[in-house]
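Asks: Got a structure here, written out as structure tokens. Questions coming.
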């Protein structure tokens, strides 16, 4: 299956990064390099791109796409939480801009072999790095009902979390839950018929929750953003695209803390805690895709872009 990357809010990202000729930019979720190639085109012959991804198939696709740019590109297999270590290994002391395009890619969702989607029956997996960490199959077959319910409730914001977890535990007693199709059917049975008639597919929230847990997406995000800000040069921009409220909340709160670090009580006449502002927030409200983009690419519908600048 071909890895096709349709970059979300491309023009908004390029403007948000405030690109300059000869600059060094990091795409922390390089994927198929849709954003990355556009950055290279806009930064001239001396511009550089460092692309990070933990999915080897994504990196292979990026490498194929970026062949014409030769030594201007460094592609690294890593988790974006290790951005500092990646730059250190490359001998890069600072960068001019950083992009995070969070969540799962269309390729990962659409490729049955990756086991992400409830729409295609396949072996349950959901790992962005298919060689590391427990898969979703392992989680649903080993965690207690309480542990599963907490994941589904916290990461999926699913009102029927405890009922779904109970059904999963009961069903796996008969035989291990191995496929996306069987898991989706179990979830569908767990949710009352009246609730199933409302909103999106009944398995959507649970699948999202399991994917987030498998890949530690929210667990590492805040730290990754702080690490990214540390390696930005003054005036450098960080752009973050999120796709659900949990991600966006973390980005918003992390930016707020970095922009207003004072922890002194409000009644203090002056700051004595020594907190130092690291960024200024460029987007008071998140940027969202245009109606035209959503029509062309429905998966962009929930995207939000937040931008900050290093002081």
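Including glycine, each Cβ sits where the backbone N, Cα and C put it.
Straight from Swiss-Prot, here's the annotation block:
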type	residues	note
BINDING	33, 34, 35, 53, 80, 101, 108	S-adenosyl-L-methionine binding site
Asks: Let's check the environment of residue 80 (S-adenosyl-L-methionine binding site): how many other CB atoms sit within 10 Å of its CB?
Replies: 24
Asks: Compute all pairwise C-alpha distances among 33, 34, 35, 53, 80, 101, 108, the residues listed as binding S-adenosyl-L-methionine, and give the largest one in whole angstrom.
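Replies: The two farthest binding residues have Cα atoms 18 Å apart.
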Asks: Reduced to three states, what secondary structure does DSSP give residue 33 (S-adenosyl-L-methionine binding site)?
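Replies: DSSP call for residue 33 (S-adenosyl-L-methionine binding site): coil, neither helix nor strand.
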Asks: Going by DSSP, is residue 101 (S-adenosyl-L-methionine binding site) part of a helix, a strand, or coil?
Replies: strand
Asks: Please work out the number of neighbouring Cβ atoms within 10 Å of the Cβ of residue 33 (S-adenosyl-L-methionine binding site), leaving out its own Cβ.
Replies: 28
Asks: Around residue 101 (S-adenosyl-L-methionine binding site), how many other CB atoms lie within 10 A of its CB?
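Replies: The answer is 24 other Cβ atoms.
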Asks: Quick one: give me the count of other CB atoms within 10 A of the CB of residue 53 (S-adenosyl-L-methionine binding site).
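Replies: Around residue 53 (S-adenosyl-L-methionine binding site), other Cβ atoms within 10 Å: 27.
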Asks: Among all protein chains shown, how many Cβ atoms are found within 10 Å of the Cβ of residue 108 (S-adenosyl-L-methionine binding site), not counting that one?
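Replies: Total other Cβ atoms inside 10 Å, all chains included: 23.
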